[in-house]
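Record features (TrEMBL):
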DOMAIN    12-451  domain 'Major facilitator superfamily (MFS) profile'
TRANSMEM  7-31  transmembrane segment
TRANSMEM  51-68  transmembrane segment
TRANSMEM  80-97  transmembrane segment
TRANSMEM  103-123  transmembrane segment
TRANSMEM  143-163  transmembrane segment
TRANSMEM  175-192  transmembrane segment
TRANSMEM  261-282  transmembrane segment
TRANSMEM  302-319  transmembrane segment
TRANSMEM  326-347  transmembrane segment
TRANSMEM  359-386  transmembrane segment
TRANSMEM  398-416  transmembrane segment
TRANSMEM  428-447  transmembrane segment
Amino acid sequence: MAFPPKWYQFLVGVFASLGSLLYGYDLGVIAEAIASPNFKHLFNPTTPERAVVSVFTGGGFFGAMFAGPAGDRLGRKKTILIGALIFCLGGALQTGAKDLSYLYAGRALAGVGVGFLVMIVPLYQAELCHPSIRGRVTTLQQFMLGIGALIASWASYGAFVGFPDSSSKQWRVSLGIQIVPAGILALLILLFPESPRWLIDHGRPEDGLQTLANLHANGNKNDPWVLAEYAQIREALSFEHEHEAKSYKELFTNKSSFRRLFIAVALQASVQMTGVSAIQYYSVTIFEKIGISGSNALKYQAYNSIIALFGQFLCMLFIDRVGRRWPLILGNLGNMITFIIATILLAKFPPGANNNSQAAWGFIAMTWLYNFSFSATCGPLSWIIPAEIFDTRTRAKGVSIATMVSFAFNTMIGQTTSTAMSTIGYRWYYLFCVCNFTNALFFWAFLPETAKRPLEEMNYLFTNAPLFVPGMKIREFETHDLERRVEEAERKQSIEEVNTLGQSKEYA
């Protein structure tokens with residue numbers, strides 16, 4: 001029994017997003033692993049945790065850079081395969097580490113693998129999906145990242161309490177688990193469909209048509225929607241081959257392409273400037289200063305992961321109904337409010353300086369509310385929007401640059417937060433209060449609504465829509481080209497059926 005087309009697209013998207021699960025797991029597992037007593041006994045590490053994190057995110061920067069040309073030349077599936085294999089190697093080096101050099105090499109390679117995967121997976125998902133569920137499927141990137149973080153929290157906790165301090169299993173088991181989903185992804189990805197847009201763009205139109213039919217009509221190549229989308233993709237690609245970016249340079253010289261690149265880069269940078277990395281890296285330290293440490297700190301972080309998953313799940317359910325623009329604006333404003341309250345609490349009741357448990361719980365509540373606001377809006381949208389706004393010829397290049405910016409800002413915030421909090425304390429949070437507000441203002445002013453538009457119509461939108469978009473109607477600058485093509489294909493099909501029926505009667 002064949003799956004309904006949209007369910008099939010969703011399940012393919014779920015499998016591909018194993019790459020995002022690896023990102024979330026690796027980020028979540030390393031802090032607990034290097035903090036375990038056995039790890040400290042074996043390696044006596046003196047390098048701060050932020051250096052271990054930076055090696056990983058630095059590797060992600062270069063992985064995203066290499067994934068752009070790989071995605072264009074080798075295809076989306078093979079790029080995912082390369083990323084998964086590199087990650088397996090990095091995970092193996094971390095698990096079998098004999099000294100810190102093994103750990104750093106493994107972290108760097110795992111970062112490169114994750115850079116490949118988080119860059120190419122949402123792009124692959126967007127190119128496979130019907131416009132009506134594209135947001136839901138690409139939201140899986142952030143949702144599976146949250147799943148990975150949650151698994152890491154409990155796997156680390158289980159290994160921490162389940163193995164004695166004399167056993168290296170206390171940290172090797174949790175580090176080794178990440179190889180399993182990466183291996184499954186590498187083994188099976190080639191069995192899944194290639195992007196039909198990549199196939200058509202690389203001289204394989206029949207394969208592209210058949211893939212569209214498999215994705216949208218259970219293999220029926222004569223389905224009107226399949227024929228309409230196929231014709232639209234071929235026409236758009238023909239135009240792109242003549243006018244759009246053939247190199248990275250043209251992303252900066254073509255006005256429409258640069259506008260999209262600027263929005264994608266600004267979005268990925270803005271997400272890090274919401275303060276998400278500062279919360280991830282420093283909230284446990286503040287928990288400890290207000291008297292919550294050890295297993296309780298890990299438990300509250302696990303609760304945080306569950307709250308994030310709930311927010312991401314809600315985003316997955318509603319993002320294609322409510323659009324992209326206003327959730328992003330309101331999400332940043334929500335982040336700002338939680339940071340303002342958290343800043344006031346830290347200023348009035350400094351951690352470690354008093355025994356005000358109500359203030360401590362107020363801070364914990366604000367981190368949880370922030371995590372919900374971020375996970376329901378900004379986090380998922382940072383992957384959805386870049387994957388859908390570029391043309392086929394520019395998509396891998398543009399998403400690659402945007403993802404590199406994400407890793408660069410992640411590294412910067414991770415490196416500066418610890419020093420800033422130890423020197424200027426809660427005043428560091430002023431930065432995130434301001435940035436969340438300016439993020440909301442920027443996207444209110446310059447981000448047009450992109451939900452439910454076919455990918456081939458994004459060029460028309462970003463070429464013709466005004467730069468200042470608040471006065472623009474939500475569905476303005478729609479060509480309705482795909483709908484017209486579907487109607488035309490249905491009309492032709494009906495005429496052919498009538499003619500065939502008439503010929504049959506005449507013959508009889």
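Just so it is clear, glycine is given a Cβ too, placed from its N, Cα and C backbone atoms.
Keep in mind that this is a model prediction, so the values were computed, not measured.
Only residues 6 or more beyond the boundaries of the transmembrane segment (326-347), in the same chain, are considered here, and those with a CB under 8 A from a CB of the stretch are 267, 270, 274-275, 286, 315, 319, 359, 362-363, 366-367, 369-370, 373-374, 376-378, 381, 385, 425-426, 429-430, 432-433, 436-437, 439-440, 443-444, 447. Here the transmembrane segment (143-163) has Cβ contacts under 8 Å with residues 14, 17-18, 20-29, 32-33, 36, 38, 169-171, 173-174, 177, 295, 298-299, 301-302, 305-306, 308-309, 312-313, 315-316, 375, 379-380 of the same chain, all six or more residues outside its ends. Contact check: the transmembrane segment (428-447) against the transmembrane segment (261-282) gives at least three Cβ pairs closer than 8 Å, residues 6 or more apart, which meets the contact criterion. Take the transmembrane segment (398-416) and the stretches 80-97, 103-123, 175-192, 261-282, 359-386: counting Cβ pairs under 8 Å, 261-282 has the most.
Taking every listed stretch (51-68, 103-123, 261-282) in turn, the largest tally of C-beta pairs under 8 A with the transmembrane segment (7-31) is reached by 103-123. Long-range contacts of the transmembrane segment (80-97) within the same chain: residues 16, 19, 22, 26, 43, 59, 63, 67, 70, 74, 103, 105-117, 120-121, 124, 172, 175-176, 178-179, 182-183, 185-186, 189-190, each at least 6 residues beyond the stretch ends and with a Cβ under 8 Å from a Cβ of the stretch. This prediction places the mean pLDDT of the domain 'Major facilitator superfamily (MFS) profile' (12-451) at 89. Within its own chain, the transmembrane segment (302-319) is flanked in space by residues 28, 135-136, 139-140, 142-143, 146-147, 149-150, 153-154, 157, 283, 327, 367-368, 371-377, 379-381, 384, 451, which lie at least six positions past its ends and keep a Cβ under 8 Å from the stretch.
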